[in-house]
C-alpha cells in the first residue's frame, strides 16, 4: 500500500513530463510581457501557454505587462471561461490520466508478479477490470480506488487522485461524468469519462474506414455494425471470412466468442451486473449501475 501511495503522489510531475513533448514550442520573437494568473511574468502569451501545457496547470493571462497587475489592468475573462475548464481542457486531462493509469498498472503488475498473498487473492475476486464496460488499466484503477468494493467511487476515494492543487480541471472532469449527480461515480460513469474524449467509438471507426476507402479500395475489409447511438452492436461479423464474434459497446472482442456463423452474444453476459445486450443486438444500459437493485 505504501508503494502504491508513493506512486500516486507523482501524478502531476509524471503528467508534466509526458506533456512537455506534446506542447507547442514558441517562435523566437520580440518579447511582449504578460502576467500569468499564477503570479509569474512571461515573455509572451505563447510562453505562458507552453508553461501551462508542460506543467499540466491551468494558467491564464491576468494582464498585459509584468506582474503585479495594476488596479483595473486585469484582463476580463469571457463569460464562456468562467469555470476555467474548456471541453478541450477536460479531454486533455482525461487523456493524460488514462496514460498515467497505464503506467501505474504496468508497474503494479511488475511488483506483484508471483505474489499469491491472501490479500492479493481477495482483491482479485472484486477485480472490476474484468467487466466489459471497463478494460485494462481503467478497470484496474477503478478497482484500486474502490476501497469498499461497492462499485462506486465517492469523493473520499476520488480524493486519492486530487493531488495537484494546480490541476484545476480534475474535479470538473469527474463532475462532468457524474450523470446521477449524486457525488459518486459508478464503474460505467468512470469508464465513460475516459472513453468519451474520442467520441462515439463505432462511428469513429466507420469514419476512419470511409476515410481510408477514399484513398484506396478496401475490398473484403471488415466493416463494423453500429447501434443508433454510435456504439458497437454486440455481434460483429467479417463478410469475407464468415466469422462472427461478440464485442462490448466499445468494440473490444469477448475472448472465446469468435466462430463461423452467428454466436448468441446477448446471452454471453446474461448474468453480468453491469451491462447486457438486447435480443436485436443493441447494447442496453438499463441494468448498468450497481445502484439499481434487482
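Note: Cβ is positioned from N, Cα and C throughout, glycine not excepted.
Residues or ranges marked as domain 'Kazal-like' in TrEMBL: 17-68.
Summarising the annotation, TrEMBL assigns domain 'Thyroglobulin type-1' to 199-265.
In the three-state DSSP scheme, residue 244 (disulfide bond) is classed as strand. As annotated by TrEMBL, disulfide bond applies to 237-244.
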For residue 237 (disulfide bond): intrachain residues, at least 6 apart, with Cβ closer than 8 Å: 225, 243, 244, 245, 262
Residues in the domain 'Thyroglobulin type-1' (199-265) grouped by DSSP into helix, strand and remaining coil: 16 helix, 13 strand, 38 coil
Protein Cβ atoms within 10 Å of residue 244 (disulfide bond), excluding its own: 17
